[in-house]
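Q: I'd like to ask you about the structure that follows.
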Amino acid sequence: MTTNYIFVTGGVVSSLGKGIAAASLAAILEARGLKVTMMKLDPYINVDPGTMSPTQHGEVFVTEDGAETDLDLGHYERFIRTKMTKRNNFTAGRVYEEVLRKERRGDYLGATIQVIPHITNEIKERVIAGSEGHDIAIVEVGGTVGDIESLPFMEAIRQLAVQKGRERTMFMHLTLVPYLAAAGEVKTKPTQHSVKELRSIGIQPDILICRSDRVIPANERAKIALFCNVQEKAVISMKDVDSIYKIPQLIKAQGLDDFVCKRFGITAPEANLAEWEQVIYEEANPTDEVTIGMVGKYIELPDAYKSVNEALKHAGLKNRLSVKIKYIDSQDVEAKGFEMLEGLDAILVPGGFGSRGIEGKIRTAQYARENKIPYLGICLGMQVALIEFARNVAGLADAHSTEFNAETKNPVVGLITEWVDSEGKVEERTENSNLGGTMRLGSQLCHLKNGSKARELYGNASIHERHRHRYEVNNNLLPQLEKAGLKISGLSADKKLVEIIEMPNHPWFVAAQFHPEFTSTPRDGHPLFEGFVKAAGQQLRGELK
């Protein structure tokens with residue numbers, strides 16, 4: 001199969017939405033029956049985002065095969081059916097690490113290692129390997145044109161266009177077209193300068209996606225086309241919208257998919273966007289609004305919980321409910337008490353690391369349990385629920401996780417020292433292992449217990465969900481917890497690790513060690529989130545029993 005490439009770059013400012021724009025184009029092309037994949041190239045020196053601060057970088061998205069990747073891969077999976085893998089995201093750090101490994105091994109036969117050709121060749125090889133077996137590969141380069149760290153990536157995609165042929169490659173550039181109220185018009189000069197910068201490194205864009213807070217007039221688009229040497233029909237106006245799921249229709253209406261197919265010589269049926277039309281309809285026509293409290297420690301940057309936010313919205317669509325997320329700092333719960341949690345229809349405690357705010361999360365789980373508020377715990381959210389139950393129901397007053405208190409006499413949560421990874425290999429860890437790349441990662445099999453809420457929600461005896469954790473329930477203390485009423489409703493494939501717990505005498509209290517948010521999509525939703533938001537609606541109406 002011959003693969004065609006669309007390279008996506010950004011200019012003027014960061015955070016223009018390259019990932020959303022690229023994913024929206026991919027969704028349209030997929031709707032035309034084409035096999036599409038996507039890649040994200042990140043110019044930073046970290047090997048992967050696994051150890052980066054969520055408040056700087058946003059969430060770490062975990063793929064089925066256990067790669068810790070950029071949050072844009074979450075957008076890709078929410079817009080297209082293709083599942084991302086470790087091949088779909090790599091960083092400058094990963095590239096340099098591999099080149100240096102090859103140099104130490106002697107693979108370069110004593111050559112002087114340079115950015116060109118060694119670094120650029122490594123980038124090209126990874127792009128080609130990650131795109132095999134697809135009609136179109138859309139490759140997004142992180143950062144902004146002109147950034148010094150992105151230059152090797154820009155040079156690599158320039159070379160790829162030469163090697164693969166311009167008939168098989170396209171460049172799509174996102175740029176800002178600001179509106180100046182004082183002048184009463186949009187200004188195209190920033191776009192012109194951004195394209196000039198791109199052309200100075202040998203890349204002529206074929207498509208310009210022009211971001212603005214309004215529709216860009218036809219005469220301004222013609223002006224951009226003239227000065228940037230781009231066909232007028234390839235200058236796409238992408239205005240701000242109230243839902244990212246409207247963007248596929250927005251750019252299809254301007255014929256971008258037709259332009260791409262014609263350029264690549266691809267004959268494909270018209271895109272069927274009925275599923276996206278249904279998503280937009282459900283989003284625009286909720287029957288009620290529920291308020292869900294998300295109690296976390298990274299709330300100053302909502303993107304730290306991007307997939308959770310989106311999964312809640314998806315579940316709202318399936319229940320015809322608008323979901324209002326109230327972000328609550330777990331440290332505020334510690335300082336101000338339960339008053340921070342009053343008036344919520346449901347409570348969600350997401351994943352996280354470190355001891356800051358941990359007691360606030362434990363108290364949150366207590367409040368939800370005692371007041372019969374629907375509760376969904378994810379990863380750490382399950383562990384704090386377990387700690388709270390052990391302390392206040394099972395009578396283990398000093399129960400804790402060894403992550404936060406290594407000296408606790410009742411470690412209900414401890415470090416996993418051995419497990420089988422997603423490829424079937426045995427992994428071993430100790431307290432002294434590196435932080436990066438040392439967690440239980442990727443899709444894992446989970447067996448669900450008959451008669452449990454989890455089994456009812458999923459409708460299956462076994463499921464696969466994605467993990468990202470290094471601490472797990474201590475099986476030695478499970479008998480005491482189960483005797484006190486704790487329900488274990490999900491176990492790992494070898495039945496050694498607890499995956500899901502449920503609380504007794506509670507209408508809806510489910511907590512999972514895995515991350516269900518990573519597999520939720522706007523078209524399909526996710527059973528755990530759908531059940532959770534449904535329970536929130538019942539709580540709102542006073543119907544939850």
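Each residue, glycine too, has its Cβ placed from N, Cα and C.
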Q: According to Swiss-Prot, LEU380, GLY381, MET382, GLN383, GLU403, ARG470 bind L-glutamine; which one of GLY352, GLY354, GLY442 is listed for that same site?
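A: For L-glutamine, Swiss-Prot names LEU380, GLY381, MET382, GLN383, GLU403, ARG470; of GLY352, GLY354, GLY442, the listed one is GLY352.
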Q: Which one, ASP65, ASP70, ASP72, ASP288, is listed by Swiss-Prot in the same ATP site as SER15, LEU16, GLY17, LYS18, GLY19, ILE20, LYS239, ASP240, VAL241?
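A: Candidate listed by Swiss-Prot for the same site: ASP72.
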Q: Looking at the CTP binding annotation from Swiss-Prot, with ASP147, ILE148, GLU149, LYS187, THR188, LYS189, PRO190, THR191, GLN192, LYS223 already listed, which candidate in SER14, SER24, SER355, SER401 is the matching residue?
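A: Answer per Swiss-Prot: SER14.
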Q: Need this for a regression test: binding-site residues GLU140, LEU380, GLU403, filtered to those with Cα within 10 Å of GLY19 (ATP binding site). What's left?
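A: Final answer, ordered: GLU140.
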Q: Looking only at Cβ atoms, how many others are within 10 Å of the one on ILE148 (CTP binding site)?
A: 8
Q: Can you tell which of SER14, THR188, THR191 has the least company, meaning the fewest other C-beta atoms within 10 angstroms of its C-beta, among these binding-site residues?
A: SER14
Q: So which one is it: of the recorded positions GLU140, GLU403, GLU517, which has the fewest other Cβ atoms within 10 Å?
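A: Fewest other Cβ atoms within 10 Å, among the recorded positions GLU140, GLU403, GLU517, is found for GLU403.
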Q: Can you count the other CB atoms that lie within 10 A of the CB of MET382 (L-glutamine binding site)?
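A: A 10 Å sphere around the Cβ of MET382 (L-glutamine binding site) contains 27 other Cβ atoms.
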